[in-house]
Amino acid sequence: MAERMGFFTDSSVCIGCKACEVACKEWNGVPDDGFVFRATSYDNTGQLGADTWRHVAFIEQDDRWLMSSDVCKHCTHAACLDVCPTGALFRTEFDTVVVQADICNGCGYCVPACPYGVIDRRERDGRAWKCTMCYDRQLGGLEPACAKACPTDSIQFGPLDELRARAEARLERLHADGVAEARLYGDSPGDGVGGTGAFFLLLDEPEIYGLPPDPVVTTRDLPEMWWWAGGAAVTLVGAVAACFLGSRR
Amino acid sequence: MRAGRGGDPAATVPEAEFRSYYGQPVLKPPVWHEPHMPVYLYLGGLSGASSVVAAVARFSGHDRLALAARMTAFAGAGLGSGFLIAELGRPERFLNMLRVFKVTSPMSVGSWTLAVHGGLTAAGAASAVTGLLPLAGDAAVMASALTGPVMATYTGVLLADTAVPAWHAARREMPFLFAGSALASAGAAGMLTTPRAEAAPARVAAALGAVMETTAAAIIERRLGLEGEPYLRGRAGLLMKASRALTLGGGLLATVAGRSRTLTAMSGLAITAGALCTRFGMLAAGKASALDPKYTVVPQRDRAAGRRLAVVPDQEGGSDTP
């Protein structure tokens, strides 16, 4: 396998231009996501979804504006991939998670499985869609469209180890400059999803950006769930047998 | 205020404080449609439990009930498969479900189980209808008593193995809820399709299943605290309340339903309606749970805070942040 590739999205230099959203749509042929006026902030895209693979969150606070470009996290332990019954979701040689559109039968199970609310079913098409980290561009030795288009290098693409080192240095620098609220999100292999292939530098709590504060891959508890189901199945058989006691013919 | 949450849902609990992105959901709600998914969940459970009833009835000489349960098991699996396929975004690709087998995917386990179970119940029913190969038919019914309990319980894992807080938090009780509901449904179907004189075990199954389902639902509502709130509120709350009334009422009636045809019909129909309400209620609660960021953010914040409290005293420098 090739080196694990990833995104480091440094929200401290994001200017909210949405070039990443546009570049992603153009390169990947992603349909429009509706022309909705949300009346909340400078964000009419709303959230990631089947037709939105990069989403710039825009948060107006009293003394500052926060902007951050959200994307599929390409988890180390990816729930969408775990629960996909067809094998349409697979892990690439770049350690990213991609849906094969010619395999997906639109069962929709990956949608509620994702702890970040990223992947979704495109109803007029019937299949599940999400960011591929521009798998096709990577195969051609190019960086993903969003990273390429980002004018401030808020979105950085590269080998994950390098990105993590770069993010640590950036965090130290920001802390030294007095930006105490700066923090990394998704960089730790010890978190509930084993660390993410796309991680972030945020300037406030993750939930402000619409991100879960402590996500856990649902399949971590799956062995326990199968045991409980086994107990219920045995109970069911016992209960049926009990129903026939005393009425032997 | 975070104290005092959970426990009695009727208590005036202070609303949990949390922050979010303009109140938007963190998660995507389940995309499954009504009536497809809930009706499939009902029919799959009905078929699974009925196949066990069919096998035990056949063993113990309750031939009339065995025949009814055998046909119900086939009808449930057949109709259920139709609903499941119709639910797919690309129904023509339903065979892709059998491309791979993954224990990490309850949907994969369920698809394979349904495929085998459907085949077995079809063979059993075909043998009974045509009178051909009776031994093979009986063998198929016996084998379907092994796939049946999986059919009746895997759906609990199917829902729980998601990020939906109300479902994932109920992962222990969910298989018992579905098993109890399936047993009650199979009992109700047996009562409605078997002469009263020979339906006594079906009535016991209906009552026993109703007790099991109601108990599991009550434990979910009590144990879960904040994450269980969607089962008590809004449309899901109404459906779950209706389910409880219908299931308990039908279960009680089942104990005296041997006395008349009317009582039998009332009991059987009430239990069936209750089982359907449970499935629609579970889906509605899951959607509500995913759509309100409170149910995602607050429990995760609490979990992270608890972990920090547990970690800090052991660490000299308190370097709990990565």
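Placement of Cβ uses the backbone N, Cα and C atoms for every residue, glycine included.
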Practice prompt. Check TrEMBL for me: it has A:CYS14, A:CYS17, A:CYS20 binding [4Fe-4S] cluster 1, so pick out which one of A:CYS150, A:CYS243 it puts in that same site.
Written response: A:CYS150
Discussion item. Among A:CYS104, A:CYS107, A:CYS114, which residue does TrEMBL annotate as binding [4Fe-4S] cluster 3 at the site that also has A:CYS72, A:CYS75, A:CYS80?
Written reply: A:CYS114
Discussion item. Same chain only, sequence gap of 6 or more: which residues have a CB within under 8 Å of the CB of A:CYS14 ([4Fe-4S] cluster 1 binding site)?
Written reply: A:VAL56, A:MET67, A:SER68, A:SER69, A:THR152, A:SER154
Item to complete: List, in sequence order, the residues of the same chain other than A:CYS72, A:CYS75, A:CYS80, A:CYS114 whose Cβ lies within 8 Å of the centroid of the Cβ atoms of the recorded [4Fe-4S] cluster 3 site.
Response: A:LYS73, A:HIS74, A:ALA78, A:ALA79, A:LEU81, A:VAL97, A:CYS110, A:ALA113, A:PRO115, A:TYR116, A:VAL118, A:ILE119, A:LYS130
Worksheet item: Excluding A:CYS24, A:CYS131, A:CYS134, A:CYS146, which residues of the same chain place their Cβ within 8 Å of the centroid of the Cβ atoms of the recorded [4Fe-4S] cluster 2 site?
Response: A:CYS20, A:ALA23, A:TRP27, A:ASN28, A:TRP53, A:ARG54, A:VAL71, A:THR132, A:MET133, A:PRO144, A:ALA145, A:ALA147
Practice prompt. Given the binding-site residues A:CYS17, A:CYS72, A:CYS75, A:CYS80, A:CYS107, state which is nearest to A:CYS131 ([4Fe-4S] cluster 2 binding site) when distance is taken between Cα atoms.
Written response: A:CYS72
Item to complete: Measuring CB to CB from A:CYS17 ([4Fe-4S] cluster 1 binding site), give everything in the same chain under 8 Å that is also at least six residues away in sequence.
Response: A:VAL56, A:PRO151
Worksheet item: Which binding-site residues among A:CYS17, A:CYS20, A:CYS107, A:CYS114 have a Cβ sitting under 8 Å from any chain B Cβ?
Response: A:CYS107, A:CYS114
